[in-house]
Amino acid sequence: MVIMEGFKIAMKVIDEIDKKIKPLIGWEKADEVVKIGADGTPTKRIDVIAENMAINILEKFSGGILISEEIGLKVVGDELEYIFILDPIDGTYNALKSIPIYSTSIAVAKIKGEDKKLIRENINNIDWIKSFIANKYTINDLYVGIVKNLATGDLYYAIKGEGSFLEKDGEKIKIETKNIKDLKEASVGLFVYGLSNDLLEFLKERKVRRVRLFGSMALEMCYVVSGALDAYINVNENSRLCDIAGAYVICREGNAIVTNKNGKPLNMKLHLMERTSLIVSNKYLHKKLIALFGNRWIIKPVKFGIVVREDKEEAINLAIEICKYLKDKNIPFCVEDFLRERVGGDKFDISAISHIIAIGGDGTILRASRLVNGETIPIIAVNMGKVGFLAEFCKDEVFEIIDKVIYGEYEIEKRSKLSCKIIKDNRVIKTPSALNEMVVITKNPAKILEFDVYVNDTLVENVRADGIIVSTPTGSTAYSLSAGGPIVEPNVDCFIISPICPFKLSSRPLVISASNRIKLKLKLEKPALLVIDGSVEYEINKDDELIFEKSDSYAYFVKGQSFYNKLSRCLGIK
């Protein structure tokens, strides 16, 4: 009875806004910004009018707590029965421009009996009520959700335990997500403000059949349940509680999976300023979308692989402490053979590992990257060396980040790698990928080499030098930096070509897009070496060609301090 009463009151709000807002579409004053809303965004006149209508209905027919973008939190009516989460107009721009994709949405939770007295005792202390509601109630306490397209009249609604429904053209239809399994067949709605590299790549590579941008988050979530879309994605942490509350209930009751971009279920507090990223889809597409946009490792079982610098006792001692720490927490781990006699653990098996802890300097971290060998295994890079440009953590931070990994409270940074093919006597030799750089250098000291440098088959320069470096952005702080190359932020999609001690002063480092193909051709009858990340070597001779491209594989790091903090530390600035 209480549930149906809450639903009926919410429907009265929807109907009143629907009836009174339609005449305002096209009214020139509807577009005026009249204030800054409680959520910190500009509020249009049409939003205020819609919100005031909702307040009038709630005060007349009910009572409780209203949370809305414009007013913030308000106690309405005499009775403390319900919590209402309202978005008066979702898609305000569409409404003002007569684009028929805008909605009003509302969600309802029941105030628990024991909480009513406490709220009433503090009825004049709005800050206390905000804090109390936020600490006691979450989005999962909502049991009614309603979203109405005010332009078409399509009405989506759900009541907890009863499923989700669409009323359209006088017909009531039970709706739930479709069972499409292949991303290539999927239609996906996107929120694209603040495009990430992952999202740009997703669009560029056409990983789905079609992409749509409608501009009304609540409706787009409902479209996933009705089958008009197969997924909705917002990778930014800006989906607001009021934007999604009503649609969240409809999605939940319509068998949609709704999580943040990392696959963690939503548990948003009922507070105006709550924000989240969002992936909504059926169960078949969901893990695939998490793998594209989020931290897929959060939803994997954790087993650590320990890689440590063998000749540094301090690094070995830290590895022993880490292994003991993991044992005490009953977290499985595996170690290399030289360490197993001292700490136990399983034999090192890359196929069984979810994360690698690399303890040492940049050389150890590069070795860990080679052990990963193209697998999508994140590295926790712990600095025990002298500089540590690749390391994200110092030894004092390692136990804290291990706990964060165990509990899924961390982020991943994806780093591009460099691939190379050697064309020698009409044979093609494919080398391992490089995380830092590939260097072509004279095999005999003090002997100059000569190269033709091509970008996409266009001859860019003839270089005479001791060698030449092709570096990733990650490697820009390594050998390339010593050769006069620029420092490049790791998420820039580029490569750096840096001559080593060039004969001509005009031979300068060159930064090019990672979408290009680089070709080096050795011109002199002098033996040379291709050295990959300072360890793997190939002999190069006259007329051999080296083709460098962006690798299909990436390196993944558990994210620590910002790049610029790390840069200033490594350069001795602070």
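Don't overthink the numbers, they just go from 1 along the chain as shown.
Heads up, the Cβ atoms here are built off N, Cα and C, so glycines get one too.
As annotated by Swiss-Prot, region 'NADP phosphatase' applies to 1-297. The feature Mg(2+) 1 binding site is assigned by Swiss-Prot to Glu69, Asp87, Ile89, with similarity to another entry given as support. The Mg(2+) 2 binding site annotation in Swiss-Prot covers Asp87, Asp90, Asp243, and the record cites similarity to another entry as its basis. Look at Swiss-Prot and you will find 302-574 tagged as region 'NAD kinase', backed by a curator's inference. Per Swiss-Prot, NAD(+) binding site is recorded for Asp362, Gly363, Arg367, Asn436, Glu437, Lys447, Arg464, Asp466, Thr477, Ala478, Tyr479, Ser480, Leu481, Ser482. Per Swiss-Prot, the feature active site, proton acceptor maps to Asp362; the stated evidence is sequence analysis.
Rounded to a whole number, the C-alpha distance linking Asp87 (Mg(2+) 1 binding site) with Leu481 (NAD(+) binding site) is 52 angstrom. The binding-site residues listed here (Asp243, Asp362, Arg367, Glu437, Arg464) include Asp243 as those with a Cα within 10 A of the Cα of Glu69 (Mg(2+) 1 binding site). Its Cβ taken as reference, Asp243 (Mg(2+) 2 binding site) is surrounded by 25 other Cβ atoms within 10 Å in the chains shown. The Cβ centroid of Glu69, Asp87, Ile89 marks the Mg(2+) 1 site; residues of that chain outside this set whose Cβ lies within 8 Å of it are Asp47, Ala50, Glu51, Ser68, Glu70, Leu86, Pro88, Asp90, Thr92, Thr104, Ser105, Cys242, Asp243, given in sequence order. Reduced to three states, the DSSP call for Glu69 (Mg(2+) 1 binding site) is coil.
Note on the region 'NADP phosphatase' (1-297): mean pLDDT across this stretch is 90. For Asp90 (Mg(2+) 2 binding site), the number of other Cβ atoms no farther than 10 Å from its own Cβ, over all displayed protein chains, is 27.
Counted within 10 Å of its Cβ, the other Cβ atoms near Asp362 (NAD(+) binding site) come to 24, all protein chains included.
Here the binding-site residues are Ile89, Leu481, and the one with the most other Cβ atoms within 10 Å of its Cβ is Ile89.
Near Ile89 (Mg(2+) 1 binding site), with the C-alpha within 10 Å of its C-alpha, lie none of the binding-site residues Arg367, Glu437, Thr477, Tyr479, Leu481.
Counted within 10 Å of its Cβ, the other Cβ atoms near Tyr479 (NAD(+) binding site) come to 22, all protein chains included. Note: the Mg(2+) 2 site is recorded as Asp87, Asp90, Asp243; in the same chain, Glu69, Ile89, Gly91, Ser103, Ser105, Ser216, Met217, Ala218, Arg240, Cys242, Ile244, Gly246 also have Cβ atoms within 8 Å of that site's Cβ centroid. In this structure the alpha carbons, written CA, of Arg464 (NAD(+) binding site) and Asp90 (Mg(2+) 2 binding site) are 62 Å apart. A strand conformation is recorded for Arg464 (NAD(+) binding site) in the three-state DSSP classification.
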